[in-house]
Structures are given as C-alpha cells and as structure tokens.
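Annotation source TrEMBL lists domain 'Glycine transporter' at C:5-78, C:91-165. Summarising the annotation, TrEMBL assigns transmembrane segment to C:6-22, C:29-51, C:63-82, C:89-108, C:114-137, C:149-167, C:173-199.
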Amino acid sequence: MVLHVLDLVGVAVFAVSGALAAGRKHLDLLGVVVIALVTAIGGGTLRDLLLDRHPVFWIERPLYLPVILGAALLTVLYAKFFKPPHKSLLVADAFGLALFSIGGAQIAEQTHLSGLPIVVMGTITGAAGGVLRDMLLADIPVILKRGRIYATAAIVGIVLYLGLQALGLVQTWAALLGMTVIAGLRLAAIIWGLMLPIFSLSETPLES
Amino acid sequence: MVLHVLDLVGVAVFAVSGALAAGRKHLDLLGVVVIALVTAIGGGTLRDLLLDRHPVFWIERPLYLPVILGAALLTVLYAKFFKPPHKSLLVADAFGLALFSIGGAQIAEQTHLSGLPIVVMGTITGAAGGVLRDMLLADIPVILKRGRIYATAAIVGIVLYLGLQALGLVQTWAALLGMTVIAGLRLAAIIWGLMLPIFSLSETPLES
Amino acid sequence: MVLHVLDLVGVAVFAVSGALAAGRKHLDLLGVVVIALVTAIGGGTLRDLLLDRHPVFWIERPLYLPVILGAALLTVLYAKFFKPPHKSLLVADAFGLALFSIGGAQIAEQTHLSGLPIVVMGTITGAAGGVLRDMLLADIPVILKRGRIYATAAIVGIVLYLGLQALGLVQTWAALLGMTVIAGLRLAAIIWGLMLPIFSLSETPLES
C-alpha cells in the first residue's frame with residue numbers, strides 16, 4: 001500500500017520531467033501528454049514486455065494513467081505562472097530512480113531471473129523511460145551522453161542489492177540499502193558533478 | 001469482409017504516406033519499404049504486443065505485407081512521373097485514422113480493458129505508426145509538434161464511442177459515429193487549420 | 001554447439017560496432033555499454049517479442065550479456081592505443097549479418113510462419129539492431145539511407161534459402177547457401193560499392 005503510493009508519486013515525478021522536456025521542445029498539448037506518458041511508463045512497459053508479464057502494469061492498475069495525465073496538465077498550468085522548481089524535481093527524480101530500479105529488479109527476481117538479466121531489467125525500469133523520451137524528442141538520450149551518473153547509480157544499487165542478499169541479508173533491508181545507495185549516488189553526482197569517462201573517437205565511419 | 005477490405009485500403013494509404021516521407025529524406029529503396037512497413041503496421045503491432053495478442057495481426061493475416069510492399073513500390077514508380085496527390089492522400093489518411101483508431105479500441109474492448117487504457121490502445125493503433133516513422137527519420141514526430149489536430153481527433157472519437165455505448169447505444173452505431181467524428185475533426189483541422197495550444201518553455205535543462 | 005559459439009562471435013562483433021559508433025558520438029562509458037547491447041541483441045529481441053518467444057534469447061542463455069559487456073569494454077580499451085581495424089570489422093560484420101539473418105529465419109520457421117513473415121523476421125534479426133543503434137544516436141539509420149546493400153543482402157539470402165527448400169533441398173544446405181549469398185553480396189557491395197537506387201522527393205510536406 002505505502003509502496004503503491006510511493007510508486008504513483010514516482011510516476012508523477014517522471015511525468016512532470018517529461019512534460020517539462022516537451023515544453024522545452026515547444027510541443028503541443030497532445031505532445032506534452034504523450035511525452036509525459038512515455039517518460040513515466042516507458043521503462044516499466046519495456047520490462048513487462050521483455051518478461052512477458054501481462055497485463056502490463058498500467059493496464060492492471062488503473063490509477064497510473066489518470067495520475068500521469070493530471071501531472072502533465074498541472075505542469076503546463078503551473079509553468080504558465082511560476083518557474084518550475086528544477087532542484088526539487090532533481091531530488092524527487094533521484095528517489096523515483098531508486099524506487100523504480102530496485103522495484104524492477106524485484107519483479108525480475110519473481111520471474112526467476114538471476115544475475116545480469118536482473119540488473120538489466122532493474123536499470124530498464126528506472127532509466128528507459130527517459131531514454132524513450134529523448135528518442136521521441138530526436139535527441140541523443142541525455143543519460144548516455146553527459147557523463148553524469150544516472151543509470152550507473154541504478155546499476156551500482158542493484159548490484160549491491162543482489163550482493164547483500166547473496167551474503168544472507170533479508171530482502172527488505174537489501175532493498176532499502178540498494179535504494180539509499182542509488183538516491184545517494186545520484187544526489188552526490190548532482191551536487192559534486194561526478195562524471196563517467198567519455199569515449200571519444202574521431203568521426204571516421206565504420207560503414208562504407 | 002467489407003471491414004477487412006477497408007482495413008487493407010487504410011494500410012495501403014499509410015504505406016503510401018510512409019513511402020513519400022522516405023522520399024523526402026532521400027532514402028534508398030530498402031529504406032522506402034521499411035518506412036512504409038513501419039508506418040502502416042507499427043501502431044497495430046505495438047497494440048498487439050501491449051495486449052499480448054499473438055500471432056500479431058500481420059502474421060495472422062497474410063495479405064498485409066504484400067499490400068504494403070505493393071503500395072510502397074507503386075508510390076516510387078508513380079512519383080517518377082507525376083506529382084503525388086497530397087490533398088487526396090490527406091483525406092484518405094483521415095479515414096484511415098478513423099478506421100484504425102475505432103478498430104483498435106474495439107480490439108482493446110475484446111480483451112476486457114476499460115476506460116483510459118482503451119483510449120490509449122485505440123490512439124496507438126491509429127497514430128503510433130506515424131510516430132515510429134518520424135523516429136526512424138530522426139525527426140520529432142509531426143503529430144506531437146505542429147499543434148494540428150491528429151491524434152487528438154482519435155482521442156475525441158474514441159471517448160465519444162465509449163460514451164455512446166455507456167449511454168446504451170449499440171456498438172455498431174457508436175463505432176460509426178466515433179469514426180465520423182474522427183474523420184470530420186481531422187478534415188476540419190486540415191481545412192480551417194485548427195490548432196492545439198503549444199507548450200513553450202525556455203531551453204533551461206532539467207538534468208544537471 | 002559450433003553454432004552457439006559462432007553466434008556469440010557474431011554478437012561480439014555487433015557489440016564492437018555499437019561501441020565504436022558510441023565513441024564517434026562521444027558518449028560516456030554507460031552509453032557505450034547501452035549502445036553495444038542494443039546493437040548486439042536489439043534485432044533478436046524484437047524478433048522474440050514479435051513471435052512471442054519467451055524467455056527472450058539473452059535471458060535464456062546467460063553468456064550473451066557478459067560477452068557483449070566484455071566486447072564493449074575491450075573496444076574502449078583497445079581504441080585508447082590502436083586504430084580500430086575497420087576493414088576486418090566490416091568483413092566480420094558481413095558474416096554476422098549472414099548468420100543472424102538465416103538463424104532468425106529458421107526460428108521463424110519453427111514457429112510455423114511462412115513466406116514473407118519469415119523474410120521479415122530474418123531481416124529484423126540481422127539488421128534491426130543497427131537500426132535501433134542509429135535511432136538511439138538520433139541519426140537516420142545508415143542501412144536505410146546510404147543506398148549500400150545491407151539488409152537487402154539479408155532479404156536476398158533468406159528468399160534464396162526459402163526457395164531452395166521449396167525446390168527440395170535439405171535445410172542445412174539451403175541455409176549454408178543462403179548465408180554464403182548474404183555474406184558474398186555484402187562483401188561485394190563493400191568492395192565494388194554496389195548501391196540501391198535512391199528515392200528522392202522535394203521537401204514539400206504531406207501533413208498540413
């Protein structure tokens with residue numbers, strides 16, 4: 001119950017970030033709603049398709065769609081009068097990433113995956129919505145490019161979560177520690193500008 | 001039977017619009033065929049994956065692929081000699097959108113969805129092919145951007161279709177009225193340039 | 001067994017090509033890994049989703065993910081010291097395309113598809129990973145654009161493979177001949193610059 005409410009809050013935060021990204025590209029109202037939807041449910045939907053979980057989570061639980069719709073429209077309304085609170089949103093987004101990544105990893109565990117596939121599924125759940133958002137906006141996804149720690153925080157947290165369980169810790173504590181590390185790493189990355197190394201090649205094409 | 005023929009005509013129209021978009025980006029013949037395919041069957045395929053309907057519609061019914069292939073190649077041939085009839089295509093596309101959106105909504109009803117998920121599935125069926133086409137062409141999807149009524153017409157028509165049924169109208173009549181409204185709104189949008197409001201934010205990035 | 005090893009080699013080659021493409025766009029290490037993954041397993045994953053084959057191939061066989069991860073990281077390391085061997089990679093890629101396309105067609109045959117859907121599934125298996133890679137990099141997919149024979153080689157080889165079987169040849173020989181034709185056509189295209197015709201329209205938009 002508490003988890004479902006937290007989940008809806010996370011989805012709403014992702015929807016707000018999608019709506020703001022749509023505004024920066026000057027989309028129309030329909031575009032805002034579509035980008036908000038894709039950002040908020042894209043990752044979990046891809047996970048459900050890959051794991052053959054049906055009905056897909058937002059079909060099974062009817063609250064997701066109205067919450068996203070409401071968050072997107074309120075964002076448009078709010079932005080008419082005030083400046084969006086970018087810093088608070090970044091913090092909320094860090095918690096959303098933590099919650100979704102560990103949640104996605106747990107769903108993958110329930111379907112009897114192990115090891116790397118769990119890490120992939122958790123990371124997809126947390127970060128693929130933002131990737132799909134940027135693909136729709138015809139940009140190289142920001143989380144692949146900037147060097148800032150984002151999906152990497154999810155990967156570290158999920159690996160820790162799996163490792164702690166392998167060492168005998170109960171799942172609940174492993175999950176809480178995993179989420180703390182994800183949110184903490186992400187916030188640290190924002191505050192101190194932690195970066196991943198960039199891989200830079202000259203533009204010689206492979207295809208010919 | 002009549003519906004299946006209409007459906008194939010709609011698919012052919014979407015394939016032609018995809019082939020023309022590929023030509024405007026100077027793709028090669030394979031690119032033309034791929035874009036025509038994605039435009040014509042992308043929306044229905046995404047719907048079938050999300051609803052776990054297998055085999056996917058164009059695998060189950062073998063006529064779709066040859067019709068699309070034929071439509072794409074005839075478009076290339078035709079465009080060598082004549083100017084494409086943009087206005088007739090826009091009108092045909094409006095009817096294709098109406099047919100696919102209500103058809104997609106009916107398929108969602110058969111799998112016992114209700115409310116908003118039906119609206120989402122119908123809209124995906126009618127409009128997601130064009131979104132995937134533009135993603136492949138590395139453009140922001142035109143239906144999210146221009147402000148012109150397109151997917152919005154589908155949403156209005158599907159909501160009407162569901163509302164009329166809730167009020168007791170038989171499904172066939174509700175479907176016909178829903179399709180009429182979709183095609184009508186779309187044609188009105190073309191003729192009078194009806195627009196959705198644009199959501200414009202300055203370019204300050206959320207990520208940091 | 002031999003086939004599985006060849007398959008892993010093919011996957012590694014695709015991962016290397018993905019990692020190099022990521023480097024040309026100056027992505028960070030996470031971006032390199034994601035693009036390598038998508039390039040290597042994107043086509044097979046799309047095929048498995050469309051055919052409702054679960055678990056998806058890289059979940060079922062645990063070696064794919066570490067091989068791709070290793071190939072991506074070794075590529076970054078190697079490129080720090082040496083120039084990537086573009087020509088050898090193009091040749092290896094031609095064999096990967098041949099192997100995956102015919103392999104994908106055989107999987108489609110096992111699920112009782114016939115005719116055009118088999119050709120589509122084989123081509124997706126061989127070529128869709130590269131398309132997804134370019135979509136993530138916000139480029140028009142190179143295989144749709146350049147006119148160089150790539151997916152077209154896959155299509156020709158798969159059609160030959162199906163035709164030879166229809167004429168009574170045993171599957172193994174038909175597969176070997178199909179693969180030879182794909183790799184041969186692709187290498188011929190590289191050496192002699194064989195091109196598909198381009199379809200060029202002026203930029204008048206369809207939508208209005």
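Just so it is clear, glycine is given a Cβ too, placed from its N, Cα and C backbone atoms.
Among the stretches C:29-51, C:89-108, C:173-199, the one making the largest number of Cβ pairs under 8 Å with the transmembrane segment (C:114-137) is C:29-51. DSSP labels the residues of the domain 'Glycine transporter' (C:91-165) in these numbers: 60 helix, 1 strand, 14 coil. Helix, strand and coil residue tallies for the domain 'Glycine transporter' (C:5-78), in that order: 62 helix, 1 strand, 11 coil [DSSP]. Confidence across the domain 'Glycine transporter' (C:91-165), taken as the mean pLDDT and rounded to a whole number, stands at 93.
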